[in-house]
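Visitor: Straight from TrEMBL, here's the annotation block:
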- GLY20, VAL21, GLY22, LYS23, THR24, THR25, ARG127, ARG161: ATP binding site (BINDING)
- THR24: Mg(2+) binding site (BINDING)
- ASP42, ARG66, GLY88, ARG145: substrate binding site (BINDING)
Amino acid sequence: MNNVRMSVRQKSIVLIGFMGVGKTTIGELVAKKLYRSFIDVDQEIEKDFGMTIPEIFEQHGEAFFRDYEKKKTCALAEQKLKIVSIGGGAFLQPEIRESCLRNCIVFYLDVSWDEWKKRLNILIDSRPVLQSRNIEEIEELFYKRQDAYSINHSKLTVNQRSAEEVADFIVDSLKHTWDMYEPMND
Ligand code: S3P
């Protein structure tokens with residue numbers, strides 16, 4: 001899998017990780033700190049259909065959603081200079097994974113199962129994937145997805161860190177990477 005020949009400073013940043021880890025909140029902060037535009041792929045899909053994600057699942061089914069998610073995410077991953085948050089299931093699709101890894105810098109936001117469990121109540125109403133499963137099945141899904149998430153350019157564990165702290169970490173590590181690969185000439 002070849003990286004696209006593009007300046008590393010121009011590559012978009014993609015945030016991946018399980019539902020509710022904070023991809024949107026952290027992505028918005030990173031975008032602000034780097035003066036870049038933020039794109040939440042799920043919000044873009046909702047705009048396209050004029051429906052919420054649960055409504056799309058209900059009316060069209062998960063397979064339809066996944067197909068649309070694939071086209072949308074791959075197209076958005078080809079844009080430069082963006083901060084992009086993708087759906088928690090998106091990176092499971094090989095085409096999405098390959099497109100993000102080839103075109104962008106991919107940050108995996110990890111969280112422990114114990115920490116994530118505390119967030120379940122606030123997530124369940126807006127996440128159809130959780131509604132169809134009991135807690136043991138959600139735990140199984142949580143661990144199963146880690147194999148796909150483990151293919152990334154950089155990983156950091158969120159747990160009890162604030163969104164601000166995580167965003168600062170991402171910005172610092174990006175600046176370090178940019179300087180290392182493409183030092184600015186004075
Ligand atoms: C999903 C995660 C959601 C959304 C959809 C399916 C998943 O996005 O794409 O409900 O399969 O994990 P978030 O990760 O932003 O919650």
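The backbone N, Cα and C atoms fix where each Cβ goes, glycine too.
Set these features in their place in the structure for me.
Guide: In the three-state DSSP scheme, GLY22 (ATP binding site) falls into the coil class.
Counted within 10 Å of its Cβ, the other Cβ atoms near THR24 (ATP binding site) come to 16, all protein chains included.
Around GLY88 (substrate binding site), taking its Cβ as the centre, 23 other Cβ atoms fall within 10 Å, counting all chains.
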Visitor: Just how many other Cβ atoms lie inside 10 Å of the Cβ on ARG66 (substrate binding site)?
Guide: 15
Visitor: Using only C-alpha positions, which one of ASP42, ARG66, GLY88, ARG145 is spatially nearest GLY20 (ATP binding site)? These are the binding-site residues in the record.
Guide: GLY88
Visitor: Of the binding-site residues ASP42, ARG66, GLY88, ARG145, which sits closest to ARG161 (ATP binding site) by Cα distance?
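Guide: Looking at Cα distances from ARG161 (ATP binding site), the smallest one goes to GLY88.
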Visitor: Measuring Cβ to any atom of ligand 1 with a strict under-6 Å cutoff, which of the binding-site residues GLY22, THR25, ASP42, GLY88, ARG127 qualify?
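Guide: So the answer is ASP42, GLY88, ARG127.
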